[in-house]
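Q: Structure incoming, see below.
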Amino acid sequence: MGTLSLARRLDAARKSNYNLTVRATDGHESATVQAYIRVLDINEHRPVFLKSLYEVRVPEDTSPWKDLLQIQAEDADRNSNLLYSIHSSLPRESSALFHLDPKSGILVRDQEIGIKKNFVKAVVHVEDCNDHAPVFLSPRYELSLSNMAALGSEVLRVTAVDKDTGSNAEITYSLHSGNTDNIFSIDSSSGSISVSKALDLQPLDRFHLTVKATDQGFPQRSDLCSVHVNIRISENTPPAFQSDDYLAEISEFSPVGTPVIAISASSPAVVHYGIENGNSNRTFHINPFTGLISTQKHLDFESCSTYKLKVTATTNAGAVSKTTVYIYVVDENDNAPVFAKREYFGKISEAANVNSLVMGEDNTPLVIQATDADRDANSQLYFEILEEEALRVFKIDASMGTVSLISVVDFENRAEYEFTVHVRDSGEPLLYAPEPAKVTIRILDLNDCPPQFTSPLYKASIMAPPVRNAEVLRVTAHDEDSAVVYSIADGNLDNAFSIDSNAGVYLKSNVYEIYVKVEDLRTPPRTAVALVNVFIDDVNDNAPHFLNLPYSAMISDDIEVGDVLYQATAVDKDLGENALIVYSLEDNFELFRIDPDVGDISLQRPLDFEALNKYVLTVHDFSLTIQIRNRTNPIFQTLLYPLRVPENVPLFATILHVQARNPEGYRLIYNLQEENATKHFHLEFKTGVLTVTNPLDYESQTMHVLTVRATDSVTGAYSEATIEVEVEDVNDNAPMFSKLTYSTAVAEGLPIGTSVLQISATDKDSGRNKELSFQLVKTEGNETDFFEIDKQSGLITTKDVLDYEDTTHFDLKVRVSDNGTSPLSSETFVRVNVTDVNDNPPDFVNPQYDTTLDEMAKCGHIVVKIQASDKDANDANNLKYKILSGNEGRYFNINESSGIISFSNVCKRNLDPYYNLTVAVSDGVFQNTAPVNIDMINRNRTVLISNKTSTKPSCENAEAGTRVIRLAAIDPDEGQYGAVDYTIINKLADETFEIDKDGQIVTTQPLDRENPSQRVIAIKVMAKDGGGRVAFCTGTEYQVAIQSTVNKGAPVIQIIAYDADDGKNSDVTYTVDKTGEVADDIIEINPFTGQVSVKEIKARDGSLPFYNSTVPVQVKVVPPEVPIPKFSEPLYKFSAMENSPVGTEIGTIKVKPDMPVIYSLVDGNTVESNKEKVFSLDEESGTLVLQKAIDHEKTKWYQIDVVAQGNHNGTDVASLVSVSIQVQDVNDNQPVFDASPYRAYLAENMPAGTTVIQVTANDPDTESNGLVTYSLQSLPDDPHDINEVFSIDPDSGWITTMRETDCESTRLYRFTWRPRITEEKSSSPPASWWRSRAGEVIVTMTTTDRDVSMENRLVTCYITDGDALGQFAVVQVDEGQWGLISKEPLDREISERFTLQITATDGRFQSPVSVELHVLDVNDNSPHCQQLLYTEAVTENSPINQFILKVSASDPDVGSNGQVSYSLHGPDASKFHLHPRTGELFTLSVLDRESEVEYNMAVKATDGGGRSCQADILLRVQDMNDNAPVFSSSLYQVSVFDNTTVRTPIAVLYAKDPDTGINSEVRYSLVSGDDGFFSLDEFSGILRLERPLTSDAPPTFQIKVKATDRGLPRQLSSLTTVEVQVVSLDDYQPVFSSSEFTAQLQNPPRWGQRS
């Protein structure tokens, strides 16, 4: 046998089973066996808690069986099976309040043998819950208070206590209801009620206050108590007037002592009345005891139409009250009309059409004006013409006094009319002006009669010789329109005749056919022409006339006696003997004779050359110069060189080659003798070639006479010839207008042919080049359809009648052209402004106006606005409105400027059912009328159903016809509006009962109480009056079931009522209606929450007047064994995000214990109570689902009721619970600025911190989603860092400056600001920025009217201010939706902002709103160039970027449309820079006058929309002395013979200075090398020999010559060298350089060409 023994200690907790294999062996064989060993555990360990102390805080309202604390312990023994139990408790009875789960407890024990225990301490702290409502010490307080109690004095202190602790017991007090007009106030902490307003001003003598005590717990609980305050009237109480003000009317004809009105004031003491002020001139008297006010002086409406009396009522104790009495004086017709002037003058053209208005002296329509000091009908005037003769020609507007034409007039028949006009008013009796007014009308003559000669042909003859200025013939013409003037039109050869402008022909010098023209003095003139034949015999009236003048001859000194020197030739225009010519010399010097017949001049004796070499002979009136030359003198080809040179001849062109022959064979020197000849011409001294050096100008000088001298370079002998250079005119000057632009004004409606403006132009050219003609240039417009211009005179006249309403101005483009071969022209613009004439009558917008007005409307209420328009611009703002008829009772007033008719029933008199007014509008000349029909709305007051007036129990099985109850509905209206009909409106009751016209309800069939449907029958009755107003005796019905064993105070149902008012008016309190069949001591209701167990509930709001609403509640009592559905929560609260999609599950409503019920939603009657079916409920699961989108900004919460209905053994049961759903906001709205863009103006140099503008943005989101902060940002293209200049308050949006600003450096800042979400609202009026077409809706407005009936919700909107021109209208888009439209296109340049006052009225009430419109700009205006031509002079060589001028253009548009940019155009534009923004012109390169004298460019001003205007720039370059004179050669080589005579010219030097003016005048001087042998003429440059060239003289001279200009500020000069070679006559022999010379000429050769 083998024995197993323990080798070491066993531990069952670690290993409880062992499987051992045991083997037995005999040394040879072996066997094995298994041994199973189970280790038994013993309880050797004590349980151990995981914590030494457990502690928990538990609210006192913790529901039973709710887990509070988890206790845990461990036991090292295996299978210890720990059990937990409560060992003890403090206080001892608290152990009964807690339940210990065996798996979670405080006391622990095991179940093994040898039980071991352990203990732990658990502390449960019970926290206070707000489970007690405050309780007032007394539910009712009552006291008496003097009406003179001082403000702030304590009335009563109420006290409430709360059994809770901490904040749950903190009580605040408030006045819940009854505090009419906030008379009292209560300290929220102490409960002290005090007086906050004077009690003596209140009409109530009792106040029923409800004080509310509310704790600060959650949920808050409260209690109410009533405070009844009885007001005790003090003897010092001021008297109380029955009305705040009194109104009365009295005729101004009332005699002294007429009673006006009696006023009274109530007071416990005796009252004395007096008038404190307003009683001007002591017109009224008040009886101090009765308060009767009467007149004590005569009244005059015209002096004072209204009196405002301040009346006092005083007691003996000194208490004083005051009231206002308005006394309106009724106008009577006691004033006759008075003419403004005793005499009126008018005028009208004889061409005027019928119905044309007679114009006054100031070219406006003639209006006979009169005034009447009375009002209304008493002041409506009626004008009439007294004379029958005048009535056949003229008519006068009876209302306006305008005079017009009714038949054609003829100036030639009658030039003037005189008549009288009388005027009367329309009052009773009719009153006339003291005397009529005299009217004189002149007929304006039209040039409709041409002048006529007495004969178409006149003949006359005169005897020879005639006497100068002798009358030849008198012609006569007559014009019925005007005086005439005479002129000779044609045939007056050699101006032989002249004509007096009045009449007659006079002889100045055969037959003449003379055409005489006569024209009248009108514009344009009418003319006639007559032929006059004048026969004249020849007389010797013409002197002989020499030909080929001037005469000049040169003869040689070797001429012989008898030789003919010259032949003079003359002609005579006379005939016969009168044309015979005899020649004679006045002085012959005894040397000459002339042949008397042929004019030959010959020598009659030898000449002495040494004595005199020049003779001037006079043949009658002409001179002949005879010059005797030596045989050695040079001989010119001719002594006179006549030239005709065009003024545009090129510079340095050869115009003449002067040649002379020297008999001696020596070289000739040519020069011009005149000092100033070199200004335009240069004569080459060697060749005699004459060239033009400076431009010729015909307009400056037409003839240049030059003397050319040819001098023998050796002997000094010379001869002279004359060069006559006649400058021919070239058409190089364009015509120039006398003004750059013209502007004139012409009135509209003037007849065709009216003179508008005469423009003039000049041309510096001559002959046909200066003959001008005018024409109108056709443009894109239609100007040429309305105007024409006389080609010769430039007179612009109309060719059509102008109408200001169609076109306000015309821009004519006029071109003037000359008659040159290549015509030149210029253009100008003529702005013709058409002035408005009142030629259009005003028109009403609507032909008829229909409106309604409530009889209860207040005085001043807008009835209707009538609107008229006038096409005449000047009259649109001057329209006057008035009521012509239908307002005899003075119930209505009309604003004469706006046309708004308002209600003015100041004395509250009875009104007619309707009024038909006739209104008129006038512009001062014309008048138009329209009917206004006003239907009065008789105010249908509300029907009120009183309490039940009689009842009788209804027994089952009672006979049909049994009376049940009688209802009484009260309607304070009269007539049809006061007749009431009753109707039972619910089907079940209507089948069982009926109601008669008196409100008596009777049964129609027997009733059966055992029938569940007839046990309790709700009867719903509607009372309706004749005006459609209704009242109901029941509302929505609540049904609920409760167990019969329900405890007192257990909640049964909650009734919820809503009031649409605000503030106290919306506070609802609930009470049990005393008429209910359940006793008040059984039924109670929480006045604030509506928690009830009642039959009928009444809900009342919180302010006077109190409005109530009742609803029946059926409480069904069931046996205690019947279970009633019990909801898992007493109130369900859910939340949903406003962006939750449709179909989202909001929450689940559950009933426990689980019993089969059907869930349903109670139909709501407000948006918040699910009226719009936003939520749906699954009837089986109770899941609340969203079925319509929700919006936090529209509805922030929903309060809906859920009913759970079930059945237990045939008994229907139901429970109701409220569900509150909070709509949570999400950030789904962006902030929106009130305006965009904002514009602000800031004066420069303002200190830092200056406020600029406030911007506001709104975000409809709430809390953080609606919070807006502002920041500034620079525009992308703005170089400024805007945050360095401006800052913005991130909260308020006020923009202020950071530093001073400078207009000269920066005139405009543009930047943006960014809002981030805000709740802040702007204080600005609503604004709308607009860019719209006529008829489109600009702004949409919404009107709401809480009235129920459609009749009372009929709203009309009028524009009552800000639309003087009637440019806007309000149209109805939909019910409650109104659109503001424009009736015509708006022009921002005329008005960029409109502030419209729009008033909505329903006939009784009215509400205004302000709409601010900003008209946005469109690019409808082209830039306007300030000048069409800019001229400026700029000095040459000016530095680059030199400022020259500034062009300017304006554009009335704004923004980019009004931003003008400038650009430069033309071939020379690259030399200049035009700043694109400022228009400043600078040089871009250095200018050189010698290269370009002037620059013509065009500047274009373009706005941001592409529109442009253009102006021309003419720059004249002024000369600077920047060029030195330049000699024609750098080296002059001259040879001179040694025997040359002294003072003989040897050379002529020439230097040209390209400058102009004084800068180009050259002076010559010798610098060196002349050695005294030579002299140089300072002006002509002639170099002469001054000393004989003897043998000791140098053979060569190198003479330095300087040419100096006269320029400023410094003179410039240049040098040249004259090399003079002295040649000995003995050595000189001329030698040709070649034996043969050849040349080529053009065919044909060009004139002046050198070969």
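Each residue's number is its place along the chain shown, starting with 1.
Positions of Cβ are set from backbone N, Cα and C atoms, glycine also.
Pulled these features from TrEMBL for this protein:
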type   : residues  : note
DOMAIN : 2-49      : domain 'Cadherin'
DOMAIN : 50-136    : domain 'Cadherin'
DOMAIN : 137-241   : domain 'Cadherin'
DOMAIN : 242-339   : domain 'Cadherin'
DOMAIN : 454-546   : domain 'Cadherin'
DOMAIN : 637-737   : domain 'Cadherin'
DOMAIN : 738-844   : domain 'Cadherin'
DOMAIN : 845-955   : domain 'Cadherin'
DOMAIN : 955-1053  : domain 'Cadherin'
DOMAIN : 1128-1233 : domain 'Cadherin'
DOMAIN : 1426-1527 : domain 'Cadherin'
DOMAIN : 1528-1632 : domain 'Cadherin'
Q: Would you report the average pLDDT that the model assigns to the domain 'Cadherin' (738-844)?
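A: Average per-residue pLDDT within the domain 'Cadherin' (738-844): 89.
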Q: Take the C-beta pairs under 8 A between the domain 'Cadherin' (1528-1632) and each of 2-49, 242-339, 637-737, 845-955, 1128-1233. Which stretch has the highest count?
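A: That would be 637-737.
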Q: Under 8 Å for C-beta pairs, could you tell me which stretch among 137-241, 242-339, 1426-1527 has the largest tally with the domain 'Cadherin' (738-844)?
A: 1426-1527
Q: Would you mind splitting the domain 'Cadherin' (2-49) into helix, strand and coil residue counts from DSSP?
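A: Its residues divide into 0 helix, 20 strand, 28 coil.
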Q: Check the domain 'Cadherin' (845-955) against each of 2-49, 137-241, 242-339, 1426-1527 and return whichever range has the most CB pairs under 8 Å.
A: 242-339
Q: Per DSSP, what is the residue tally for the domain 'Cadherin' (1528-1632) in helix, strand and coil?
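A: Taking each residue of the domain 'Cadherin' (1528-1632) in turn, the totals are 4 helix, 48 strand, 53 coil.
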Q: So how many of the residues in the domain 'Cadherin' (1128-1233) end up helix, strand or coil by DSSP?
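A: Across the domain 'Cadherin' (1128-1233), DSSP assigns the residues as follows: 0 helix, 52 strand, 54 coil.
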Q: Over the span of the domain 'Cadherin' (242-339), count residues by DSSP class, listing helix, strand and coil in order.
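A: Here the numbers are 3 helix, 50 strand, 45 coil.
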Q: For the domain 'Cadherin' (137-241), what are the DSSP-based totals of helix, strand and coil residues?
A: 10 helix, 50 strand, 45 coil
Q: Run through the domain 'Cadherin' (845-955) and tell me, per DSSP, how many residues are helix, strand and coil.
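A: Summed over the domain 'Cadherin' (845-955), the classes give 3 helix, 49 strand, 59 coil.
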Q: Using DSSP, break the domain 'Cadherin' (1426-1527) down into helix, strand and coil residues and give each count.
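A: Split into helix, strand and coil, the domain 'Cadherin' (1426-1527) gives 6 helix, 47 strand, 49 coil.
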